[in-house]
Amino acid sequence: MAPTFAASRTKFNVAVLGAAGGIGQPLSLLLKQSPLVKELRLYDVANTAGVAADLSHISTGPRVSAHSGADALPSALYGADLVVIPAGVPRKPGMTRDDLFNINAGIVRTLIQGVSQYCPQAWVAIISNPVNSTVPIAAEVLKKAGVYDRTRLFGVTTLDVVRARAFVAEITGVAPEDQRAEPRPTLPEAEAKKLMARIQDAGTEVVKAKAGAGSATLSMAYAAAEFATSCLRAMSGEVGIVECAYVESDLTASPFFASPVELGPSGVAKYLPLPRLNALEQANFEEMQAELAANINKGLEFARK
């Protein structure tokens, strides 16, 4: 079925916070190629001007502007329609996502305080790890400012989807673009367990392969650009846009959960039900709930200090 459109706007202002970093630079390059972007605002604490100058030489439509340092955050955010946040320190060998918490939590809180002041109606897509905690932090900051809308705040989990598509293609030979077709590829339980483990450990796989010189920056940038593009398509009025994202919802006992959502011009239009889980998936679902609850509470406690 061909997509349909309802809104009149077709180009939007996108702010990338953390644009000079390992994820921010390739993400900005990908967004510079989007016909849906009117202006690409690049923000970071330093080194933003060089990234913006480099991107501005690319002969595609979006205008590029550089915003460096805390004093430039308002100009990066004012009038933004979509704010994508890859800001934060990268993972290093031996570092867990929880090790990143104290640094990245403070960064996200500061940036979201800016969002609440200068573009409270913007959609916000958070990449900064640990997402299980940083999204609840953002929600609390926006609530304190009186501008929270749960349909416009997202934790970007698209990388897990992208990895799953790639790894399933390796195992089954079914191309990623064909994996949503019926009948969908199925795996024996032993293969499914291996696949789940590989997806869970994929970040560490990249960190080790780069010998400590970096993390999964390119694949994360690709996944974030895919999610951002879906947001912009929905803003423009295209219907039937479905993405998996970490959002506040009532689907499970957890206040925040990664699940499929249908996007509309104003944010989440519909929280889609979880698919029927097999025994292996149900066991994993039950097993992770306590850890997820702890991650969420850690973020909420930080934000409420």
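Placed from the backbone N, Cα and C atoms, the Cβ positions cover glycine too.
Automatic, uncurated: that is what TrEMBL annotation is.
These come from TrEMBL:
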- Gly18, Ala19, Ala20, Gly21, Gly22, Ile23, Gly24, Asp44, Asn104, Ile127, Ser128, Asn129, Met220: NAD(+) binding site (BINDING)
- Arg91, Arg97, Asn129, Arg163: substrate binding site (BINDING)
- 13-155: domain 'Lactate/malate dehydrogenase N-terminal' (DOMAIN)
- 187-302: domain 'Lactate/malate dehydrogenase C-terminal' (DOMAIN)
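Counting every protein chain shown, the Cβ of Gly18 (NAD(+) binding site) has 25 other Cβ atoms within 10 Å.
The binding-site residues listed here are Asn104, Ser128; among them, Ser128 has the most other Cβ atoms within 10 Å of its own Cβ. Cα-Cα distance from Gly18 (NAD(+) binding site) to Asn129 (substrate binding site): 13 Å (rounded to the nearest whole number). Listed in sequence order, the binding-site residues from Ala20, Gly22, Gly24, Asn104, Met220 having a Cα within 10 Å of the Cα of Asn129 (substrate binding site) are Asn104. Cα spacing between Gly24 (NAD(+) binding site) and Arg163 (substrate binding site): 19 Å, rounded to the nearest whole number. Across the residues annotated as binding NAD(+) (Gly18, Ala19, Ala20, Gly21, Gly22, Ile23, Gly24, Asp44, Asn104, Ile127, Ser128, Asn129, Met220), the widest Cα-Cα separation comes to 18 Å.
By the criterion of other Cβ atoms within 10 Å of the residue's own Cβ, the least surrounded of the binding-site residues Gly22, Gly24 is Gly22. If you take every residue in the domain 'Lactate/malate dehydrogenase N-terminal' (13-155) and average the pLDDT, you get 95. Shown for the domain 'Lactate/malate dehydrogenase C-terminal' (187-302): DSSP residue counts in helix, strand and coil, namely 63 helix, 22 strand, 31 coil. Rounded to a whole number, the C-alpha distance linking Gly22 (NAD(+) binding site) with Arg163 (substrate binding site) is 19 angstrom. For the pair formed by Met220 (NAD(+) binding site) and Arg163 (substrate binding site), distance between Cα atoms is given as 10 Å, rounded to the nearest Å.
Secondary structure from DSSP puts Asn129 (substrate binding site) in coil. Under the DSSP three-state reduction, Ala20 (NAD(+) binding site) is assigned to coil, being neither helix nor strand. The two recorded residues, Ser128 (NAD(+) binding site) and Arg163 (substrate binding site), show a Cα separation of 18 Å.
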